[in-house]
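Next up is a structure, given as structure tokens.
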Ligand code: GLU
Ligand code: ZN
């Protein structure tokens, strides 16, 4: 690997504050980038204003700072990137690779989340419709650095998926692919909840002629009862005065055993220890980890 060319990123969504699971993802992407002298970018994925929690963007930046993270270059906000998304969407639509869908939620409710293709050949106009990407009847696969081989049949397991919603907001799948390529991201390190989005992203990269980054999906931290952190229930912001102990806990979660001499270290010292000792092969090869199982 040409280590100087490594470009990683952390891409939080301001639909809530950072929680312990986001800390684990941020830490993994930061250490993986910095351990090989790479660049670590920060991108605010603020493309869904109705779901944005007021103050979350500022709180996320503050938390990252108080936990000792320093990003390279300017923060990118996806809300400033609509023109780029629109250009790609128009191209996909005019090439017939994407189409407008006017189906109601009710019409789709019996289809288990896999779009049955009702509007595929209807030729609806874009206005007041969702835009879906036509998927091929093919299996996409990739080798994740932690989770191993992952495969998904786009036709059978996903179906034609939305790239712009009916309310004209762009979908995560489209924005993430465009921006990772635009920012030159070589390595995507994120939570394993996005493992099953990756084949959709691989297909978009292929369609748009974009390079495919390497992927590393860290275990998703779940509540003891199996629920996801943060999204379903509103977790409070990570406390600034708990930065050091929570960083130690996050390092342990990632299989990096912090020596006990560091139990009183400050965030910066913990991060620099983490950079010097980073070993991605120690990350547990699991999709989820319950918070209670952690020390
Ligand atoms: N914004 C996404 C999230 O917070 C992460 C996107 C990504 O890392 O690809 O879940
Ligand atoms: Zn439809």
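Each residue, glycine too, has its Cβ placed from N, Cα and C.
TrEMBL lists 9-231 with the feature domain 'Glutamyl/glutaminyl-tRNA synthetase class Ib catalytic'. As annotated by TrEMBL, L-glutamate binding site applies to 9, 10, 11, 12, 13, 45, 172, 190. According to TrEMBL, the Zn(2+) binding site annotation covers 101, 103, 115, 119. Annotated ATP binding site per TrEMBL: 231, in sequence order.
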Among 10, 45, 101, the binding-site residues in the record, which have a C-beta under 6 A from ligand 1?
45
Between residue 11 (L-glutamate binding site) and residue 115 (Zn(2+) binding site), what C-alpha distance do you get in Å?
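Cα to Cα, residue 11 (L-glutamate binding site) and residue 115 (Zn(2+) binding site) are separated by 28 Å.
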I'd like to know which of the binding-site residues listed (10, 11, 101, 103, 115, 119) lie near ligand 2, counting only a CB under 6 Å away.
101, 103, 119
What other residues of the same chain, not counting 9, 10, 11, 12, 13, 45, 172, 190, have a CB atom within 8 A of the CB centroid of the L-glutamate site?
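Everything else in range on the chain: 43, 44, 176.
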Considering all pairs of residues in 9, 10, 11, 12, 13, 45, 172, 190, annotated in the record as contacting L-glutamate, what is the maximal C-alpha distance expressed in whole angstrom?
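This binding site's residues have a maximal Cα-Cα distance of 15 Å.
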Near the Cβ of residue 12 (L-glutamate binding site), how many other Cβ atoms are there if near means within 10 Å?
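There are 22 such Cβ atoms around residue 12 (L-glutamate binding site).
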So for residue 103 (Zn(2+) binding site), how many other CB atoms are inside 10 Å of its CB?
19
Where residue 190 (L-glutamate binding site) and residue 101 (Zn(2+) binding site) are concerned, what is their Cα separation in Å, rounded?
31
To the nearest Å, how far is the Cα of residue 12 (L-glutamate binding site) from the Cα of residue 119 (Zn(2+) binding site)?
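The separation of the Cα atoms works out to 33 Å.
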Which of these binding-site residues has the least crowded Cβ, counting other Cβ atoms within 10 Å: 11, 119?
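Ranked by other Cβ atoms within 10 Å, the binding-site residues 11, 119 bottom out at 119.
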Enter the number of other CB atoms within 10 angstroms of the CB of residue 101 (Zn(2+) binding site).
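That number is 21.
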Between 0 and 100, where does the mean pLDDT of the domain 'Glutamyl/glutaminyl-tRNA synthetase class Ib catalytic' (9-231) sit?
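Averaging the confidence scores along the domain 'Glutamyl/glutaminyl-tRNA synthetase class Ib catalytic' (9-231) gives 96.
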Using a 10 Å radius around each Cβ and counting other Cβ atoms from all shown chains, which of the binding-site residues 9, 190 yields the largest count?
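The residue with the most neighbouring Cβ atoms within 10 Å is 9.
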